[in-house]
Amino acid sequence: MPHLENTVLCRESQVSILQSLFGERHHFSFPSIFIYGHTASGKTYVTQTLLRTLELPHVFVNCVECFSLRLLLEQILNKLNHLSSSEGGCSTQITCETFNDFVRLFKQVTKAESLKDQTVYIVLDKAEYLRDMEANLLPGFLRLQELTDRNVTVLFLSEIVWEKFRPNTGCFEPFVLYFPDYSIGNLQKILSHDHPPEYSADFYAAYINILLGVFYTVCRDLKELRHLAVLNFPKYCEPVVKGEANERDTRKLWRNIEPHLKRAMQTVYLREISSSQWEKLQKDDIDPAQLKGLSAYTHVELPYYSKFILIAAYLASYNPARTDKRFFLKHHGKIKKTNFLKKHEKGCFRTELRSACINMDKPQKHIEGKKATSDKQSSSRTKTISTRQIISNII
């Protein structure tokens, strides 16, 4: 499909696998597909583009927006009801509170002629948030095709691996598909594809090459790199617009853009200022630190509980590693004494015995009065000598 190849770049193998899994419209597809990869690896874009290009009936739901069970189930049912309703007709809102009700209502909605003889796809973006909901939700979605006896496929889009999802009680295993990170060559190809029509493709590709040479070591997020490319391109074109250089004078263009790229490198991901403010700073050659009204490095305020976590981490860093299990586990078991502790305890025991011997050598003051006989004094000396002999033998 040439149109799809020009739209989705550097994801040919993943598109081919998904197309083979989808099959024909009337064929039963795989019950559940788990797609995972890092941020900005093309999971959502490839899935949405493929379903729209093939014109397959689908429902796309973001689990961040639908943060409760009721919101999630109602969002799916209402979007399906909107697909099955006739053109121009108003569909009624469906309410659903439990997964059992969802299965029953799903059967009713998919009885429509427009959804009867083809596969329905439910896409759950940010699927890692499903783990915070009811325990029966994830196993239910994995077996939705079996529970409803309908031609339906559930696609999970997540940034974490499937092993983090799998319940301890076991569940139906989905088809797992991995989206690897874009290489520098892939990023060069994707970003160069967005060149403005008033400039040549080679001129914009040279700019993207300079941009990736500066930012690739610290940022590999396609969304952030695309934002930086759009933000700094007017400054790169400035000598060409003023007539001071042509498109092939790369050295002069690099000298013009280098200080601005270094300045932008200090604020990657931070979004301390808006795009319009950044463009204004570039035109006036003002340092971003002089801009007031937004956050600055010297005025970063941490959330309330983050301060306690930071202090606790600092204090815990001074604890020996061997004490972590003892402090942070309820049933840490018996801790084996090291040789250092054993020697320390033995030294303390000897010190106590020596102090006891010194106390015994001191003259004892009897409280019995002046009528103590010489027999009692001789017997106490005999006991003191025998006690000292026992203690010296122990030491």
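Numbering starts at 1 and runs along the chain as displayed.
Quick reminder: no glycine exception, Cβ is built from N, Cα and C everywhere.
So that you can see what the record holds, here are the features copied from TrEMBL:
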{"type": "DOMAIN", "residues": "8-154", "note": "domain 'Orc1-like AAA ATPase'"}
{"type": "DOMAIN", "residues": "204-271", "note": "domain 'ORC5 lid'"}
{"type": "DOMAIN", "residues": "302-344", "note": "domain 'Origin recognition complex subunit 5 C-terminal'"}
{"type": "REGION", "residues": "364-383", "note": "region 'Disordered'"}
{"type": "COMPBIAS", "residues": "364-374", "note": "compositional bias 'Basic and acidic residues'"}
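Here the domain 'Orc1-like AAA ATPase' (8-154) returns a mean pLDDT of 90 for the predicted model. Broken down by DSSP into helix, strand and coil, the domain 'ORC5 lid' (204-271) contains 49 helix, 0 strand, 19 coil.
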